[in-house]
Amino acid sequence: MSIASWPESERPREKLLSQGAATLNDSELLAIFLRTGIKGVNAVELARRLLQEFGSLSALLAAPLPAFKAKPGLGEAKYAQLMACTELARRALSEQMRLGDALSSPQQVRDYLRLSIGRREVETFVVIFLSAQNRLIEVEEVFKGTLTETRVYPREVLRRALRHNAAALIIAHNHPSGVSEPSSADRVLTDTLKRALELVDIRLLDHFVVTGGHAESFAERGWL
């Protein structure tokens, strides 16, 4: 059955406009993005099938172009649209972080990091440089590694922190495996960086281990 024949209150676009985006499930939101279905399958049903085939919404968003465009109803144009939407959301979060206290909204920082590095296929180490008021100065991707590890040099992190005249840092790296549990090596690195930064009176506020669907906080675990 085509969506046009549904009661108006059940159509995804009309439902969003009248009740707000938060009231829609993943399939309905994805259907709005898809706009149309394929022969014999409306957009909502196509969205359901895609979510089932990819396994989750985060997996769909993290899919590389070859896997994405191999699915019926998807292609390079949809992939470009999706990447553009993701980048717009990341930039909007970056603007908000520059205007406010980064610690006042930990979820905002989490969302930014998930959008920035959560879907990367290799480990990427990011440093968020903050002022004395915890305002964003800059975000830099400092190191990149392999599928399972990245080498991080505390001296380079310290050098960049001093160059930015940062008073505090938040560090983060992704786990391409999709498992956000910190490793023992992650904890050792965090302790090493914290001690190095303390020598020049710079605070290490948090370390996030990031995947497409989650960002695990060292501070919330009491490890900082």
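Quick reminder: no glycine exception, Cβ is built from N, Cα and C everywhere.
As recorded in Swiss-Prot:
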DOMAIN    102-224  domain 'MPN'
MOTIF     173-186  motif 'JAMM motif'
BINDING   HIS173, HIS175, ASP186  Zn(2+) binding site
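Structural mapping of features recorded in Swiss-Prot.
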{"residue": "HIS173", "record": "Zn(2+) binding site", "Cβ within 10 Å": "27"}
{"residue": "HIS175", "record": "Zn(2+) binding site", "Cβ within 10 Å": "23"}
{"residue": "ASP186", "record": "Zn(2+) binding site", "Cβ within 10 Å": "18"}
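For the recorded Zn(2+) site, residues HIS173, HIS175, ASP186 set the reference point as the centre of their Cβ atoms, and the other residues of that chain within 8 Å of it by Cβ are GLU123, ASN174, PRO182, SER183, VAL209, VAL210.
Taken together, the residues in the domain 'MPN' (102-224) have a mean pLDDT of 90 on the 0 to 100 scale. Following the DSSP three-state reduction, the secondary structure of ASP186 (Zn(2+) binding site) is helix.
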